[in-house]
Structure formats: C-alpha cells, structure tokens
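Pulled from Swiss-Prot:
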- 20-29, 111, 138-139, 212, 248, 361: substrate binding site (BINDING)
- 175: active site (ACT_SITE)
- 246: active site (ACT_SITE)
- 367: active site, nucleophile (ACT_SITE)
C-alpha cells in the first residue's frame, strides 16, 4: 500500500471578516448579526490553529482569501462608475447586495470543494470539484475563484484534476466537503466515500431552513471523479431543522471511525449497513454515536462538538479530536467529549482550540479546513510556497498585523478605504504565497 497523509488546506480569513447575518439556517450567523468583528484577530486565530496541526506533524497548507468586496458582482447588478462609487452606491441603494459582496465566507474551506483521493479515483489522480454554493448569494460567488486557487496549489495535471463547479442550478446545489466523509483502514488504501445529501432535486422540501445539498449533485461528482465505494445517506431532517446546515455540524469521520449524533442521518440503520457493505474486505467501520439524551441538538449547535477535526497524529495509537473551546465551555458537550478519552473507542484524547471569531459566524475548526489525502509524490507536487511552516507563519502574522483592521462593524464595510486596503493586502499576499501577479480579478484588470 502506498503511504499517504491527510493534509489540511485551511482558508485564510480575509480582511472583510464581519457579522452581517447572511446565512439562513446558520443560527450563530443570525444571532451575531450586527456585532463588531475583529478581522485581525480572526486571521491570527486561524494561523494558530494551522500551527497546532503542523506541530502535530500533519501536512498543512494555506488557501488565500478571495477578493472582497466583489465589485464585479455589483457591476453585474447594474451599479456603475469607479469601483469606490460602485461600492458606496450599492450600500446606499441595495445594502443586502453590498453585504453579500463583502463577505469573507471563503475562509470556510470545508465548502471549497469535494475531494476524491487518487486511491479511490478511477484514473489514479486526486480530483476536486469546487462547490457552486448556490443556496446563498454571498457564497455563490466563490466557485470560479476557488477553482483558480486549487489549480495554483495543485497545478500538476498528471497528478491532480481540478474540475469546474457543477452547473449553478438548484437541482445541483452543492456545498462541498462539509457533506462528505471518507473512511478507510489507511489513508493510502481504498476508502468508502459517504456523500451526505439533504434533499432530492425533484422532491418538495418544506423545511424551516434550506437543505443545501442535493443528492443529484453528489451523484454527478461521484461519476465525474470515478469515486469508488460510494454511499449516499440522507442527512437527518431534524438536524437541518435544528441548525445543522451542513452534515459536518453533526458528524465527523476519519480512518475507520465515524463519530456522529443520532440525528445526523435520516436512516441511521441503512447508513451503517451500506457503509459496512462498502467496507467489506477492507476494514470494519467503528461507529461512535452520541444520543440526543446525552447531547440535545441545542447544546450540539451551541458547542459545535462535531465540527471538530478528527486527526490521525503520528506516534499516537488512537485518534485526536480537535474541538472548539465552545465544546469545553458547554457542560453537556464537554462531558461527552471527555468520555471519549476514557472509553476504549477509537478516539483517545481531545484538544481544544480557540476560533471564536469564526464560531460567531457558525464555523468551527472543521469548517476552516479542506481535507486532501495525498501521497508523498502528490505532497511534493503541491505549491511549496503555500505549505505551512514556521517561516510562513511569521510572514503571514506580520502581514496580517500590518494590513488587517482589528475592529470592523457592518457599517464599516461601506468605507471605500476598505476596498483599497483589501486589494493592497491581497496583492502583497500573492507574493508571499507564490500565486503570481494575475491571481485576483483586480490584478488582471489593472
């Protein structure tokens, strides 16, 4: 079996990180709308998490923010004039559109794409399909730039295939890896791919909150990637209604372990049976289920226990769960988390990480990263300038401290100076990460 590693590609928080409540069904986003954010603090929190993963011996990469404000969107919607006038006019006449154009949501890289490792793909390459994220306007802007970003990081087409997003049409609504789990005996060996969907394209959905992922989208991605051993369980309707807008709010898995809440799947028994059948002859899945009695949905969503990173750490026999500090601060979630370590199950210990700025918008540690299983050769073929090191951390921390504001209210997003500040910051970042001088739209039109 070829040796492989689960690399984490974390989204770097952008200069316009803010709380404007753009995401129906995301309870934290709605609750904190209107609050003052700290983009500098948020970006530094993200760096600290990346450093912890790197210190544990895990491959770590940095994905750049997207250009925001997205003036091109506002121009498409009828605003004209110099960029600064476009922005101020949009805030005056259509503030909801302007807010969407300013969102720093690409930081949540779990939604960047769905990934199939070379061990599972029909042609032996690593496949990526950037998510179209069409359920919410602010996120629907991301797919094309995400594809560009992934093609810079994984440029070798003999090893990597970065596809275009699926058609931007409701039948193919796709939210990326936040709804995908891969189980396996070893990262380099064959795995079972769980594509978790919320609704079928031709079925009526009458939920209070949107079901963002269609089954048809994941079926198309599975065909496109040639992903072997695919299972298509439905996400629990009760979970979506309770605020689990992606499956990674109620479920996380790696290697043989699937750690999930009892409401994560609409039909838990069928899911388990199909996963076992797909894994037959390869490995025995380990299902670690938490009941509603032990952790009610309200505490689950408040604590984000399952929006943790489940890690295979070199030198450790059991898995490590990297959870947000909100899990530690919630008595019921903390009791569940700590019970994992004292059990004889696959999860041996829990660490806690502070990503509060992201959490206030409904994004825990798992939201901030895209997992990519890579062999040694594939790892070596990735853009080395984006590989997280102590030197890169120092360079990015200096850049963030110089370029980012430490206070940003929703009203501040209308400041034309923020547009200039953001572009100057991103222009410098392209040099730090070796992205070239044509990475962002403003660079290509200068």
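Backbone N, Cα and C atoms are what each Cβ position is placed from, and that goes for glycine too.
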Cβ atoms near residue 22 (substrate binding site) (within 10 Å, other residues, all chains):
21
Spatial neighbours of residue 367 (active site, nucleophile) among the recorded positions 20, 22, 111, 139, 175, 248, using Cα within 10 Å, are 111, 248
Tell me whether the residue listed as 'active site, nucleophile' sits in a helix, a strand or coil according to DSSP.
coil
To see if you understand the setup: which same-chain residues, six or more apart in sequence, place their Cβ under 8 Å from that of residue 175 (active site)?
111, 131, 133, 135, 212, 213, 246
At a 10 Å cut-off from the C-beta of residue 246 (active site), count the other C-beta atoms across all protein chains.
29
Ten-angstrom check, please: count other Cβ atoms within 10 Å of the Cβ of residue 248 (substrate binding site), all chains counted.
27
CB contacts under 8 angstroms to residue 139 (substrate binding site), restricted to the same chain and 6+ apart in sequence, sorted by sequence, are 103, 105, 111, 133
Near residue 20 (substrate binding site), which residues of its chain come within a Cβ-Cβ distance under 8 Å, counting only those 6 or more away in sequence?
33, 34, 99, 102, 103, 410, 413
In three-state terms from DSSP, label residue 175 (active site) for me.
coil
Taking DSSP as the reference, which of helix, strand or coil describes residue 20 (substrate binding site)?
coil
